[in-house]
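Participant: I'd like to ask you about the structure that follows.
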Amino acid sequence: MTRQPSQNRKENNEKLVQAEELFKAYMKGNAMRCTTERIIVLREIYKTGSHLDADEIFVRLKRKGLSISRATVYHTLDLLFKCHLVTKIDLGHKHTHYEKAHGVANHLHIICEQCGKVVEVTSNELAELLEKLCEANGFALGSFSLQVFGKCIDDGKECGKENHQSE
Ligand SMILES: [Zn+2]
Ligand SMILES: [Zn+2]
Ligand SMILES: [Zn+2]
């Protein structure tokens, strides 16, 4: 089953508010200054609901007239990862992509290695299988984010579109 692309707006907003609270509490607990810049980076990720890389976030903010340095974006992503508010994913590019984690179900990413299309899939069967595999190997399943690479099929034909985003 594919996750709805446009989740309930109100629900999304609640998740964002909760994520902000968690982030503020994390920074406070680690004696860090809770700067507006850091909150802006968090909001950008939670509002887009997509898989962005650090540079994309930097460019999006810049276009909005928000001058936040690349270093701050990278550092903030690091902090957000440490407090489990974002997950890192590998889309087969040379850099890491990030996505929101709070209130998001564990899912699988199926990525077209030709054009870069990404589809998110949530599957209870897969979660059960992973749980069993973890158990059999002496683990309790935590969270997961999986990537599978393939070629998308359009009209029975394998994708032939070049991916221009894989630099
Ligand atoms: Zn990328
Ligand atoms: Zn494709
Ligand atoms: Zn995802």
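Note: Cβ is positioned from N, Cα and C throughout, glycine not excepted.
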Participant: Please pick, from CYS34, CYS152, the residue that TrEMBL records in the Zn(2+) site together with CYS112, CYS115.
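Facilitator: The candidate from CYS34, CYS152 that TrEMBL ties to Zn(2+) along with CYS112, CYS115 is CYS152.
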Participant: Can you tell me whether DSSP puts CYS112 (Zn(2+) binding site) in helix, strand or coil?
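Facilitator: DSSP call for CYS112 (Zn(2+) binding site): strand.
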